[in-house]
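Peer 1: Okay, these came from TrEMBL:
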{"type": "TRANSMEM", "residues": "A:6-28", "note": "transmembrane segment"}
{"type": "TRANSMEM", "residues": "A:33-54", "note": "transmembrane segment"}
{"type": "TRANSMEM", "residues": "A:60-82", "note": "transmembrane segment"}
{"type": "TRANSMEM", "residues": "A:89-111", "note": "transmembrane segment"}
{"type": "TRANSMEM", "residues": "A:141-158", "note": "transmembrane segment"}
{"type": "TRANSMEM", "residues": "A:188-207", "note": "transmembrane segment"}
{"type": "TRANSMEM", "residues": "A:213-232", "note": "transmembrane segment"}
{"type": "TRANSMEM", "residues": "A:239-256", "note": "transmembrane segment"}
{"type": "TRANSMEM", "residues": "A:262-283", "note": "transmembrane segment"}
Amino acid sequence: MGMAESILLTIATAATPLLIAAIGELVVERSGVLNLGVEGMMVMGAVCGFVAAALTGSPWLGVLCGILAGALFSLPFAFLTLNIATNQVATGLSLTLLGLGLSSMIGESFVGSPGVRLPNLFIPGLTELPLVGRLLFGQDPIFYLSILLVFAVTWFLFKTRTGLTLRSVGDNHASAHALGIPVIGYRYGAVLFGGACAGLAGAQLSLVYTPQWVENMTAGRGWIALALVVFASWRPLRVLAGAYLFGAVTIGQLHAQALGLGIPSQLLSSLPYLATIVVLVLISRNRRLTMINTPASLGRAFVPDR
Amino acid sequence: MRLELVKRPQQSTLFAAISPLIALGLTLVAGAIVFAMLGENPFEALYYYFVDPLRELWSLHELAIKAAPLIIIAVGLSVCYLSNNWNIGAEGQFIMGGILGSMLPVLFPTFQGPLVLPLMLLMGLIGGAAYAAIPAILKTRFNTNEILTSLMLVYVAQFFLDWLVRGPWRNPEGNNFPETRRFHPDAVLPELFPADGRANLGIVFAIVAAILVWLLVSRTLKGFEVRVLGASPRAGRFAGFGTTKMVFFAFMLSGALAGLAGISEVSGAIGQLRPTISPGYGFAAIIVAFLGRLNPLGIIAAGFVLALTYLGGEAAQISIGVSDKVARVFQGMLLFFVLGCDTLIHYRIRLVRSALKSDAAAVAKAAEPASEGA
């Protein structure tokens, strides 16, 4: 396998969790809800996925448990913000804090225990093709799922009636409610979907990216995913581009560390976070662009007047 | 069955006072359930968590040591959150305050005397405020979301500290351990009652900061401005209050206080810089701010409660072998319950039996007089 090919492969592996979590959050925000708990749901998905896989020996069950854990863990957020109209920023933040605490408690006895890796796809003939074989036909199943998700979500949001309704809920919940659309129901669906995606992204980390459990192993990826949604101005295909850009930055700095260019490793490690700030600034300085694309009801609590 | 929120005509003063207490009670119940699931006797576990640490004098000193940074940071954050500025990067500002404040004893260890400590504290304030100014500049100048930038800067600060203590600031006589030289006595925050325990001036800073910020918010025009701009930016603009200035004011005040907490922790409880100088105080302080209902005086009490979860975590690990990670679960649940209970201040919660039936009844009732008229 060539150097370039292996770098591209690792970039895809690093970009996939960001992509999945960001796509989930994009749907949540399109429905008008800002869930800052991505990091917490992701780390719960990572720990539950890992533990389930370690106990049963099946990475597939691990993935399933990761998805379920993320979705279940989004429920308290949904109840608080949607049913009893708490502040979404603070509630999301508490979801993240609780998730980080709960995951380190659950995973404590699994630190250092051997992980199970989700097997890569192998199609005789195709996977062995030079250059593109491994890239297109030899990756882990979650990679394919992530690409599928991007197109499925694009189709759902912009080509289906339900998707249109979801966006209308996010743009003006009062009008949507007046039209008889169950605003809270739609938002529950979106938040659960976002939780499931974050859980899947977490499971990818602990079952594919680095098949082991380390406390706080999400390392801010949930927050980067949130930034990606802004970066993408709430468009799924741009999330795809953004996630791969960040995957490239992450892998690039790892290679730079391995080469030992005399740059402090800590500076290189902080590059993905600095890059997040830079792209956020570049995107949001264009006020009109952000104003047009931001779901108008984003982050605002909705209390039906009757 | 369906939940329905009915807006109260006025805020409930009763629930404003007791909602944090209800939240605490609910957290204890949930905590008991967690302990039972871990196979512990819940009452015994809760006792070791929340009562045992309060029984000894030295332990109360430790409580004050943990409460001080939480209170100092949370008091600053309350001004931020009241004015609707979401600074969640206090952890990074704490670290930067600790770093800048440590410059004197680390780089100029021969400079000693009574001037050292005040200068260190001042530099801690400046370090935190300067670091918090970054998200403020980005927010006002480029319209960048301050939640994400302030949080990203936490990671950057952590890496920066790690680089310093492993690289240029490492103790030359320290056998390659990743830590700076120990501070000389003039650079150490004095202990209050050295005979009884370790509690230092930090807790005094905390109380003073809380009282000053309380006066600021409740008794001055600036405080009024904070609350108006937080509740309604539009109304604030009509009143001639500057939004941009407020962003800087809130961020730099909270950053300065977080920096003060950082240098107090480093020069008091630790005595040198290490790769990690905070067990998540910057994030726990967010919980403290909300548990104290964003009121600096309430925050003093809330700070001690959160400090108790840290201490109780350690105590329970030693006495009954429950993981000290449970402390963070407690802290997370506490914030959830606090936010949930705060809804009771603004709304009455009603359980409606069946939405469809009651709606149908209402429609029928509304239609009746109309049909009579026709």
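Quick reminder: no glycine exception, Cβ is built from N, Cα and C everywhere.
In the displayed structure, how are the listed features positioned relative to their neighbours?
Peer 2: With a cut-off of 8 Å between Cβ atoms, the residues of this chain six or more beyond the transmembrane segment (A:60-82) that come close are 33, 35, 37, 40-42, 44-54, 88, 91-92, 95, 99, 116, 118, 142, 184, 187-188, 191-203, 206-207, 301-302.
Residues 34-44, 46-48, 50-51, 54, 73-74, 76-77, 80-81, 213-216, 222, 299 of the same chain, all 6+ positions outside the transmembrane segment (A:89-111), place their C-beta atoms under 8 angstroms from a C-beta of that stretch.
The list of residues near the transmembrane segment (A:188-207) in space but at least 6 beyond its ends in sequence, with Cβ under 8 angstroms from a Cβ of it, reads 16-21, 23-25, 27-28, 30-31, 33, 35, 38, 41-50, 53, 59, 62-63, 65-75, 77-78, 82, 115-118, 140, 142, 145, 149, 166, 213, 217-218, 221-222, 225.
Same-chain residues lying 6 or more positions outside the transmembrane segment (A:213-232) and placing a CB less than 8 Å from one of its CB atoms are 17-18, 21-22, 25-26, 29, 36-43, 46-47, 50-51, 96, 100, 103-104, 107, 110-111, 113, 115, 198, 201-202, 205-206, 238-239, 241-243, 246, 272-273, 276, 279-280, 283-284, 290.
Long-range contacts of the transmembrane segment (A:239-256) within its own chain (CB-CB distance under 8 A, at least 6 residues past either end) are made by residues 7, 10-16, 18-19, 22-23, 26, 147, 150, 224, 228-229, 231-232, 263, 268-269, 271-272, 275-276, 279.
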Peer 1: Which residues of the chain, 6 or more past the ends of the transmembrane segment (A:6-28), have a CB below 8 A from one of its CBs?
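Peer 2: Contacts with the transmembrane segment (A:6-28): 34-35, 38, 42, 134-135, 139-140, 142-143, 145-146, 149-150, 153, 157, 166, 190-191, 193-198, 200-202, 204-205, 208-209, 221-222, 224-226, 228-229, 232, 234, 236, 239-240, 242-244, 246-248, 250-251, 255.
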